[in-house]
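For reference, the structure discussed in these notes is given below.
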Amino acid sequence: MEDSMDMDNIAPLRPQNFLFGCELKADKKEYSFKVEDDENEHQLSLRTVSLGASAKDELHVVEAEGINYEGKTIKIALASLKPSVQPTVSLGGFEITPPVILRLKSGSGPVYVSGQHLVALEDLESSDDEDEEHEPSPKNAKRIAPDSASKVPRKKTRLEEEEEDSDEDDDDDEDDDDEDDDEEEEETPVKKTDSTKSKAAQKLNHNGKASALSTTQKTPKTPEQKGKQDTKPQTPKTPKTPLSSEEIKAKMQTYLEKGNVLPKVEVKFANYVKNCFRTENQKVIEDLWKWRQSLKDGK
């Protein structure tokens, strides 16, 4: 946790490139590249090593001295140049972490080394913007609190969950039938109100008086006619058949194979069967208890 918090608090780095160049010759064969800035990260990226126009036709060897991964001093040859054979070498971005010493090991020069000085500066402006974006509003914090507190874990046996799921499916079917009946009953008065509004919205005379509505009104329906319209056939609900003894045994066997345990006392076992499998048949319960005692798993 602490490492992740430290990584979040680190501001993003904004790289800056600066030109770098040095000259190595007979009277100055070494160039030391050191950085005293400890707050930012620095790197030296070497691009080319080339001979000057006045260089003699002899072998020029340029080496670099730095620190390896283990913190020990190491020397490597960067380029071997000769005016008549190879006057320049492209290093293609040879990056070295300072301190670095560039040295003309052989030859009189002049030799020119060019590249880039890379500095990674902290982008304070972007870090401030990110802090503002990550600050949660007080309204959101108040809304999150009750939601997290209202979550309470529940543990149930798998057999109880299966039985409850089957009961919920039956209840949902009954609720759907009731909702369909309610919607059909609600549609009837809506149609009546629409018809009365259309009757009242007849054209007015030029004098501003409404025409007689007696001829356009419908005759009221008798209670017998209303009863015929309201009474609609409903699909009969199929009663839920209780599970047989063999079906209950199969479910209990699956329950045991998953590492669970059945009650060992007859009274508790009977209550378990009644609650989980919704059966009141005493013969079925006695048959299941005999089967429970005959199990060889010892559970």
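Just so it is clear, glycine is given a Cβ too, placed from its N, Cα and C backbone atoms.
Record features (Swiss-Prot):
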type     : residues : note
COMPBIAS : 125-134  : compositional bias 'Acidic residues'
COMPBIAS : 160-187  : compositional bias 'Acidic residues'
COMPBIAS : 188-197  : compositional bias 'Basic and acidic residues'
COMPBIAS : 221-231  : compositional bias 'Basic and acidic residues'
COMPBIAS : 232-242  : compositional bias 'Low complexity'
REGION   : 125-247  : region 'Disordered'
REGION   : 218-242  : region '4 X 3 AA repeats of K-T-P'
MOTIF    : 153-158  : motif 'Nuclear localization signal'
MOTIF    : 189-195  : motif 'Nuclear localization signal'
SITE     : ASP57    : site 'Interaction between pentamers'
SITE     : LYS82    : site 'Interaction between pentamers'
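LYS82 (site 'Interaction between pentamers') and ASP57 (site 'Interaction between pentamers') have their C-alpha atoms 6 Å apart, to the nearest angstrom. Less than 8 angstroms from the CB of ASP57 (site 'Interaction between pentamers') sit LYS82, PRO83, SER84, each of them six or more residues away in the same chain. The number of other Cβ atoms within 10 Å of the Cβ belonging to LYS82 (site 'Interaction between pentamers'), over all protein chains shown, comes to 15.
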